[in-house]
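Q: Structure incoming, see below.
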Amino acid sequence: MMVILFRVDANERTGIGHVTRCFALAQGLKAAGHKILWLGKLFKPEMVQAIQKQQVPILEEQNFSSIEEEINTISRYTAQMNIDWVVLDGYQFDEAYQVQLRKKCHVHLLWIDDPACIQSPADVVVNQNIYATPYLYEGKVSNNVSLLTGTAFALLRPEFMGEVPQRQFNKVQQVLLTLGGTQPFELLSRFVRLLDDLKEDFALDVVIGSGSYQPLLAYAKEHCASGRRINLCISPGAQEMRQLMAKADLAISAAGSTCWELCRLGTPMLLVILADNQEKVAEEMGRQAVAINAGWANQLTDQQFQEIFLKLFYDQKLRSQFSQTAQSRVDGRGVRRVIEKLEELVGVK
């Protein structure tokens, strides 16, 4: 049995993707018989509840005053609890942080990365993005590092690892709008309005994370009465999210970690970019014909958004192509592959 400490935060600025993928890996490790510990700041109560429901101890939820204080805390836990692996996921864990951690704590280090822009002394680097290749890390990691790159290592929650739905592409009847756990409310409202303004007949599921949703709720109630079926899904759990994705004939999504779950279920996608770390994902998804890349959301005019949506709405062949290509990129075994590598390096079978 391995003991693994996850060091990861979630907040309004960085979103919840780091925690979501770490929790997916943590669930897989726990199911494989390993012990999980959690150290991090979680700003949404449902995150804390989900982790505690899995009987994973949350060691501390605090803001450390310095890197030294934080690393000393981790060092204390690694010594007390015989920790084998520390998992880091977050842009604050730069080269200086990782070097100090390696000097202070005698553990294996797993770094879950996106931009591939810093030096790292990690034993294992996971970059699940579609653009990621070992070439990105040349000169940035040691010769002994294990590089697990690409969507073969996509960290999906257990709910997305089972059988995938058989899809029909005749007509779009159900549309899913999801812009991430900390989505900008004004943008979400704008997209709802633009979709509602169309004459086409379809129902709309809207995923809402944190923030005030009362104005959107009032809008949905008003327009449901006038014919458009708008369903607001407030902070859905993993099982509900899978159901929403599975029944959707078309999804409008931010180009974040939700992409890999949509790929697994073969949901045709229109992607918008909300943050710098999503740009390369959207570009590569478009280049590989996995999804439509609509570009930066804040640069899309109303007309452009509606035209791109309608292109995918009416093009049955394109939706079928996107679905098949997406499923070929993500097979749902990424968590298992990462666990096998961690077990191999520690000598656990």
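For all residues, glycine too, the Cβ spot is worked out from N, Cα and C.
Bear in mind that the values here come from a model prediction, so they are computed numbers and not experimental data.
Feature annotation from TrEMBL assigns active site, proton acceptor to His18. Taken from TrEMBL, the feature substrate binding site covers Arg157, Glu261. The domain 'Glycosyl transferase family 28 C-terminal' annotation in TrEMBL covers 176-313.
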Q: I'm trying to understand the geometry here, so how far is the Cα atom of Arg157 (substrate binding site) from the Cα atom of His18 (active site, proton acceptor), in Å to the nearest whole number?
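A: Distance (Cα to Cα, whole Å): 13 Å.
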Q: Sorted by position, what residues of the same chain at least six away from Glu261 (substrate binding site) have a C-beta under 8 A from it?
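A: Those within reach of Glu261 (substrate binding site), by Cβ under 8 Å and sequence separation of 6 or more, are Leu156, Arg157, Phe160, Met241, Arg242, Met245.
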Q: DSSP on Glu261 (substrate binding site), three-state: which is it?
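A: In three-state terms, Glu261 (substrate binding site) counts as helix.
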Q: Which three-state DSSP class does Arg157 (substrate binding site) fall into?
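A: Assignment for Arg157 (substrate binding site) reads coil.
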Q: Mind checking how the domain 'Glycosyl transferase family 28 C-terminal' (176-313) divides into helix, strand and coil residues in DSSP?
A: 69 helix, 29 strand, 40 coil
Q: Sort His18 (active site, proton acceptor) into helix, strand or coil using the DSSP assignment.
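A: SS state of His18 (active site, proton acceptor) = helix.
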Q: What same-chain residues, at least 6 away in sequence, bring their CB to under 8 Å of the CB of the residue listed as 'active site, proton acceptor'?
A: Val8, Asp9, Ala10, Asp89, Gly90, Ile112
Q: Could you tell me the mean pLDDT the prediction assigns to the domain 'Glycosyl transferase family 28 C-terminal' (176-313)?
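A: Here the predicted model's pLDDT, averaged over the domain 'Glycosyl transferase family 28 C-terminal' (176-313), is 89.
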